[in-house]
Ligand code: TXA
Ligand code: MG
């Protein structure tokens with residue numbers, strides 16, 4: 001396939017209007033969200049959705065998250081519930097994806113759900129994503145805007161490095177403030193945490209008034225994208241490092257001597273925002289191993305450690 005001309009769209013009225021027009025014509029647009037950049041297409045358009053899988057090299061069995069403007073819009077595609085309402089009121093717009101039963105009359109491309117009877121939906125909080133959803137006035141299927149299996153993008157430059165020539169446009173919203181993907185919660189017989197992410201588990205538990213069940217690695221694969229090796233930089237990754245070998249660069253956390261620090265102050269929110277940015281930067285420095293300081297397994301630390309474990313997994 002000959003490369004496309006990827007348009008770089010400014011974060012203004014004209015840029016949003018152009019992005020919406022390209023989406024209406026079946027195009028692929030990288031849009032900023034508060035978590036990471038998403039690769040958006042009209043979720044009702046089979047051909048456009050198929051092109052997402054092609055552009056990313058994503059396996060067809062791995063379903064996509066649909067982004068909508070508000071909870072009212074979500075109700076057109078999923079069978080809503082009181083629990084969904086409670087969580088949406090507490091956390092939307094924001095870094096929470098809910099997996100709910102798909103409505104028969106959703107009108108979405110079956111490629112979006114990879115033929116599952118459920119749909120992952122979320123209302124993003126980023127102002128540009130919001131403006132784009134308002135202007136486009138429809139559901140946007142959007143996985144993270146990186147080649148499949150690679151590090152997720154938190155800047156337009158990351159998107160460009162991975163997907164230039166494969167997509168119609170990039171709406172440049174600068175750096176994504178949260179920096180890790182959304183938390184995915186399945187609302188089946190009981191709520192189950194499918195992926196730790198930008199909304200801390202503790203916040204969900206406070207809202208629900210009790211502990212939430214975690215999806216364990218031996219459980220049946222409910223979120224098909226949760227393959228072990230993922231977010232893989234070119235370099236090897238070693239976790240919980242308290243020393244550094246000669247052929248390694250240290251990705252630090254807290255007061256340590258290192259190549260790049262996720263957060264000198266030991267702040268997990270800051271660390272999440274820096275995570276993919278620093279991994280991209282260290283990866284670009286060539287074939288050195290990446291050693292990573294220990295990160296506490298609380299709050300956003302859970303999402304950070306999840307991504308790092310996948311980055312470190314054998315490929
Ligand atoms: O923050 C985010 O969630 C970003 C931004 C762009 O919204 N999106 C994102 O999408 O991370 P993606 O495709 O990289 O990850 C979506 C995950 C995958 O692991 C996929 O398997 C899972 O969501 N998923 C999608 N639909 C599902 C469903 N019906 N049931 C279970 N898991 C589902
Ligand atoms: Mg992804």
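In case you wondered, yes, glycine gets a Cβ from its N, Cα and C as well.
TrEMBL lists 13-199 with the feature domain 'YrdC-like'.
The feature L-threonine binding site is assigned by TrEMBL to 35, 67, 122, 142, 182. Less than 8 angstroms from the CB of residue 122 (L-threonine binding site) sit 65, 66, 67, 68, 92, 95, 96, 97, 98, 182, each of them six or more residues away in the same chain.
There are 26 other CB atoms within 10 A of the CB of residue 152 (ATP binding site), with all protein chains counted. The ATP binding site annotation in TrEMBL covers 58, 62, 118, 144, 152, 195, 231.
Among the record's L-threonine binders, 35, 67, 122, 142, 182, no two C-alpha atoms are more than 13 Å apart, and one pair sits at exactly that spread. For the pair residue 58 (ATP binding site) and residue 35 (L-threonine binding site), the C-alpha distance works out to 20 angstrom. The Cβ centroid of 35, 67, 122, 142, 182 marks the L-threonine site; residues of that chain outside this set whose Cβ lies within 8 Å of it are 33, 38, 65, 95, 97, 124, 129, 181, given in sequence order. A separation of roughly 9 Å, to the nearest angstrom, links the Cα atoms of residue 35 (L-threonine binding site) and residue 144 (ATP binding site). If you count neighbouring Cβ atoms within 10 Å for each of the binding-site residues 35, 62, the highest count belongs to 35.
Between the C-alpha atoms of residue 118 (ATP binding site) and residue 142 (L-threonine binding site), the distance comes to 16 Å.
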